[in-house]
Amino acid sequence: DKEQGPLPGRSGRAGEPPQAEKKLHEAVCVLLVELCERFTFFGIVCNMILFCTAKLGYRSYQAAVVNMCFVGTSTLTPVLAGWLAEYLVGRVKLVCICMFLHFLGTALLPVVSFPFEDVYVDRRHILLTLPKREQKIVFYFALLTASLGIGGIRAIVCPLSAYSLEDCGPKELLSFFNWFHWLVNLNSAVVFVSISYIQQSVARNLGFLIPFVSGLMAMITIHMVRGEMIYKPKTDSSLLTTFGVIFSALKTCCVRYRYFRTGLATWLDLAKENHGGHYSETQVEGTKSLARLFPLFTFQILYRTCIVQIPSGYYLQTMNSNLHFSGFVLPVAAMNVISIVPLLILVPILECINSWLFSSKDTGHSPAIYIVVGHLSAALSVMVAGFSEIHRKHFPQVEQTLSEEVLLVSSMPCFHLAPQYILLGVAEALVTPSCSLLSFRLVPERMRGISMHFLALFNGAGCFMGAFFVQTAHAGTQGNWFPHLLHEGKLERFFFFLASLMMVNTLGFWTIAHRYNNLHQDCTNEFRGNFPGEKLLKHEKAIKHYNAVLESSPILSPVEKT
């Protein structure tokens, strides 16, 4: 029941490969699709700010907001796609729709960036002109369709449930998440070095490489569809059911607030049918186990806001620094590799540490401490970014050409910004795998997909909160805290403000980190005895025990007889 069973024509035939070989083939296909999807995603994100400022004429804060909103939308769309596949469209049909949207979006982006003004029919006539307004419309439409396609691929073709993690223990799960994020970041490092250099320095029109990779991903996915390798998870729990349990409990609380003083364990019990609600005890108890993770998810919002500073605030700092190195102009997005290197180095080290810690059952090891240290590293990174911004302004300004645009930038070498990138890379190596482990492990098996959806919702909220902070800081300070020209404003104040919020966020999570220490508990044991059938079994056992006591008891005394 945990996986999609063998479909007609897939088993029982002579000459077919063994089941292990089929599983390996499916895993390779899923991994290839995952890498192609990440390649196109990072290829879009890596130089979006430079494209928006140089090609579309956006101001720096507007380009940062667009980039963070695209990242946030791509994070939230898998939740929407999972719901559509389950209730409205169907998985195979939605895969085809999302692949078309993904290819359409990635094909339109090079059209927007194509320099039509440089192509002439003759010396007096340009082949085609695309006004700025139409460019922006096509650009936003391309970003929207690409993000919708990304959501469908992540939710249907490459869900975590396709990797068969149900029977894994904490050590195996943490190892999987570590190496999974290691591989994704290795892929992104290749993208940031290659695609960013091609788009910025060699030929901006070679961005057509991105839709080519998208087309390759489409062919692999079509092969998976025809081979009936699209994973179909269990459907006994859904996001709508979880929201329904919460809203039903809140509604009952408002109508019957006096029941708070009764013997109910939590307010979510009011959603049960035997307490006036509309949901079964199984559904409510599963939602209660998920609600335990809500504080963890909430503290990830501000952390994710710090992480999206890499493609926004940190990118602008790098773009306004000296990129020349030994006569070679470094791509702006190549600095992101500095944040990836710590993760690539730390994952093997963390694997050795985790193997030693999990080998002892008395240590009570929990990855919650990794999250605390990672949050602290993120806060320090943003703080260092503020000091680096002050340091950058002390250097004289020089001219620098980026994407055929001449910019006035600081002469400070961009490598002076390396510490803030390294600290955020350390934070990602510690937080992301650990948070995935807690979200996956501390809920019942049937709620794990919903738990990962909620984690995605809160991560997406963090991206949009970052965009809100940038927009509010620019509007509230008349462009002083997030200026278009960094040497004319006080970007360091924005970083110091964000670092202070992140420090408070770290202290807040540290106070509740002890709630997530026990990874070896069976989540179903917490409410296994609450179901009506098991309560009846308990009552029957109690009656039998009582009758046995009566039968074996001595003769009643004369006082008791009277």
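Glycine residues also receive a Cβ, built from the backbone N, Cα and C atoms like all the rest.
Lifted from TrEMBL, the feature list:
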TRANSMEM  39-58  transmembrane segment
TRANSMEM  65-85  transmembrane segment
TRANSMEM  91-116  transmembrane segment
TRANSMEM  137-157  transmembrane segment
TRANSMEM  179-198  transmembrane segment
TRANSMEM  205-225  transmembrane segment
TRANSMEM  237-254  transmembrane segment
TRANSMEM  328-347  transmembrane segment
TRANSMEM  368-387  transmembrane segment
TRANSMEM  454-474  transmembrane segment
TRANSMEM  494-513  transmembrane segment
With the greatest number of Cβ pairs under 8 Å to the transmembrane segment (91-116), the stretch among 65-85, 137-157, 328-347 is 137-157
Of 39-58, 65-85, 368-387, whichever stretch has the most CB pairs under 8 A to the transmembrane segment (494-513): 368-387
What same-chain residues lie close to the transmembrane segment (368-387): Cβ under 8 Å, and 6 or more beyond its ends? 296, 299, 303, 306-307, 309, 313-314, 317, 417, 419-421, 423-424, 426-431, 434-435, 438, 492-493, 495-496, 498-499, 502-503, 505-506, 509-510, 513-514, 516-517
If we call contact 3 or more Cβ pairs under 8 Å (sequence gap 6 or more), are the transmembrane segment (454-474) and the transmembrane segment (65-85) touching? yes
